[in-house]
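Okay, so here's the structure we're looking at.
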């Protein structure tokens, strides 16, 4: 085509298009504003059906018009179409968060149930397809259990200390880090044999793991319970027996508070939560509720384990204690710390050396879990 | 219903009243008419509606005291006005007066047993007090009344998640998602339930959906990191936690996850005789977590050799 002719035709077509868009005689020439205004007038005349049509055209031309969406909400409400009304008001608020009126209407309408809007279907993405197949296969295997009882299917077992940190050392040279590792591995193997509960270890050899990494492992595997295994010690050789600790806001005794303070002293605390003024933070309510539940569940586990120790171990039971332990608090699941004897006590140390005694400890813990 | 968003703009949303075409007066008239239709009992409608409108406007502007005063006057004129009582409940809650808030929502629940907004808040305030069973009952009641209540399903699913019951959690959270797919928290908690049930593709899908709605949802980024790490994609995992740190450089989970993964890598390298690599990873640990006791010790011991 000749260049000059092309430009001429282009200019003519542009002129025609402009004329079509601006000519008020033709229906499609109205602007979004005109249509919204028309819709508003129709609402005032209670002609809601016509108003909806005009307003739907308005939002088609200008999908950013919060005003038109708000009016669309009103028109639908006029016809009793609550779900559509809420959708219109919501879009208006999304486009203009300062639209008090639409926001208020959403709140008023949704105080009571409203019918659901049908959604448009679209083709599935590859991940959605994979997820669909996975869900079909997996949900068949998983058994739905009603009731609000706490379910334990995964446990992270933490062998206390390790590497350059031997923990407490007995008079005969028995090291806490070696006993805890042996107990942890034995427990892990026992649970693997039974097959009902999956277990994971924070360490599998003689190396040091910081406290923070131990709870990170629990979070890594979405554990339902975190068990930290330790052996107690005291400057005085007299104390002996087993005890179980769990996390709580307040220490159960001055002694427990001291133990927690000693453990926490080397760690930095999180920054305190800064409450937003004039705002009810529901996620914060849920977070605190979950923490409370986890702590309460930890107390129940502590009680169950200690009861097993009392029944099955030839050790004095020193009961359960609670305090605000950093290592337990960082866990996002119930968490307990077992002290299975005093390595500083010659009798306990001798028992802890025996494989048969260690098996008894493992047995007591495994039974406490089921 | 999106109760979790709480709607009203407490944080400077401006006047919220704009003059379009016929202006505020016409808008007010329409509002009054609609309010009359919406509220079950309206006594002295004009006065009450005026007070409610003012109260709502003060609420949106963040002037809680004036809003409370207007709604208190409104319920004096119309003691059965559900909207006014509900707004008072929210306002008392925002002012930290949860007992008073609780009473307002209970009042509404007495006036109208179908008022799911009030029931939800009663449930939430039970959760706040740590009363799981009472909260559960309220949420359960809501879904009996309204089978499309995204919030009712959300809280029930969340409670099941907390009880480590992923099958029930998935069932309810899927219903919450299907009723309202626009809530990032719903997708996140559903993802957690799938993750807890070892349904990794579904977990990943829902974590991704969380991030589509709210790209700054660092908890979702952190969990995706673990999914990658647990399936052998270490570098991809590290990338996720780095993304979190770009959003919030103090995110403790991301810092500690990275520190753990670097430390693990260092130890693996060290035990397979790759000391140089091990030192590189311990240094990385210290860069991200300078107080890390393990990396500090091993760097001091082997770093100067």
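Every residue gets a Cβ built from N, Cα and C, even glycine.
Sequence annotations record features per position, and here TrEMBL assigns transmembrane segment to B:28-46.
Among the features that TrEMBL reports, repeat 'TPR' is placed at B:48-81 (among others). When averaged over the repeat 'TPR' (B:48-81), pLDDT in the model lands at 93.
Annotation comment: TrEMBL describes B:82-115 (among others) as repeat 'TPR'.
Marked as repeat 'TPR' by TrEMBL: B:116-149 (among others).
For the repeat 'TPR' (B:184-217), residue counts in helix, strand and coil come to 27 helix, 0 strand, 7 coil, using DSSP. Positions annotated as repeat 'TPR' by TrEMBL: B:184-217 (among others).
The repeat 'TPR' annotation in TrEMBL covers B:218-251 (among others). Long-range neighbours of the repeat 'TPR' (B:218-251) within the same chain, counting only residues 6 or more positions beyond its ends whose Cβ lies under 8 Å from a Cβ of the stretch, are 184, 187-188, 191-192, 195, 200, 203-204, 207-208, 210-211, 257-258, 261, 265.
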